Amino acid sequence: MTPYSKDFPVSWEELHRNARALSWRLLEQGPWKGIIAITRGGLVPAAILCREMDIRLIDTICIVSYGVDEATGASMKQGDLNVLKGVEGDGEGFILIDDLVDTGRTAAKVREMLPKAHFATIYAKPAGKPLVDTFITEVSQDTWIRFPWDMEYTFSTPLADRQPK
Ligand SMILES: O=P(O)(O)OC[C@H]1O[C@H](OP(=O)(O)OP(=O)(O)O)[C@H](O)[C@@H]1O
Ligand SMILES: Nc1nc2[nH]cnc2c(=O)[nH]1
Ligand SMILES: [Mg+2]
């Protein structure tokens, strides 16, 4: 059983607007030495942030957690965290960026790895929110966020036809 009962599709425009809003907030809290993107979800937000904030030093923490749900093809089940690549140091002066915080497990792991980094996300759910230093939009815990890079234009079934007959 998935704990997600709501779908929250995010367009490229909305994502871009929110990432720029996050850039404004982070610029006020600088200066920054660089950005560390948590792959893969943090990569697009990192690209927007480093452009807006004129940051040229970009690194990654490569971490895998959510696997694919075999029944639906959806990526909704969290397994063990697997760190494929870390970074040196304690993160002081660096922004650690991810697309979202959900349960907070990924956030707790990267904070342990880089305790002095400033952890920022675009979206935050209540369980993970206390682990984030700066975020833009809160969504409920039972919401699954769909990012533009995970979607394509396709036919949408009218709501009335989705009711059980
Ligand atoms: O707060 P949590 O419950 O730990 O979930 C948040 C993490 O889950 C997603 O990444 P995912 O592991 O799906 O990998 P991806 O970024 O490569 O898509 C998202 O990008 C966050 O990194
Ligand atoms: N795309 C996506 N990945 C997640 N990983 C954990 N929560 C989410 C979510 O709501 N959406
Ligand atoms: Mg991720």
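In case you wondered, yes, glycine gets a Cβ from its N, Cα and C as well.
Whatever TrEMBL says is automated annotation, not expert-curated.
Over in TrEMBL, the protein carries these features:
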BINDING   R40, G41, D98, D99, L100, V101, D102, T103, G104, R105, T106  5-phospho-alpha-D-ribose 1-diphosphate binding site
BINDING   D99  Mg(2+) binding site
BINDING   D102, I145  xanthine binding site
BINDING   D102, T103, G104, R105, T106, W144, I145  GMP binding site
BINDING   D102, I145  guanine binding site
DOMAIN    11-154  domain 'Phosphoribosyltransferase'
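Feature map: annotations from TrEMBL on the structure.
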residue : record                                              : CB count, 10 Å
R40     : 5-phospho-alpha-D-ribose 1-diphosphate binding site : 14
D98     : 5-phospho-alpha-D-ribose 1-diphosphate binding site : 30
D99     : Mg(2+) binding site                                 : 23
L100    : 5-phospho-alpha-D-ribose 1-diphosphate binding site : 22
D102    : 5-phospho-alpha-D-ribose 1-diphosphate binding site : 25
T103    : GMP binding site                                    : 15
G104    : 5-phospho-alpha-D-ribose 1-diphosphate binding site : 18
R105    : GMP binding site                                    : 16
T106    : 5-phospho-alpha-D-ribose 1-diphosphate binding site : 25
W144    : GMP binding site                                    : 18
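Among the binding-site residues D98, D99, D102, W144, I145, the residues whose Cβ lies under 6 Å from any atom of ligand 2 are, in sequence order, D102, W144, I145. Taking a C-beta cut-off of under 8 angstroms and a sequence separation of 6 or more, I145 (xanthine binding site) has the following same-chain neighbours: F8, V10, D99, L100, Y123, V139. Separation of the C-alpha atoms of W144 (GMP binding site) and D102 (5-phospho-alpha-D-ribose 1-diphosphate binding site): 9 Å, rounded to the nearest whole number. Taking CA atoms as the reference points, R40 (5-phospho-alpha-D-ribose 1-diphosphate binding site) and R105 (GMP binding site) are 16 Å apart. Reduced to three states, the DSSP call for T106 (5-phospho-alpha-D-ribose 1-diphosphate binding site) is helix. For ligand 1, the nearby binding-site residues are D98; that is, of D98, W144, I145, these have a C-beta under 6 Å from one of its atoms.
Under DSSP, the residues of the domain 'Phosphoribosyltransferase' (11-154) split into helix, strand and coil as follows: 43 helix, 49 strand, 52 coil.
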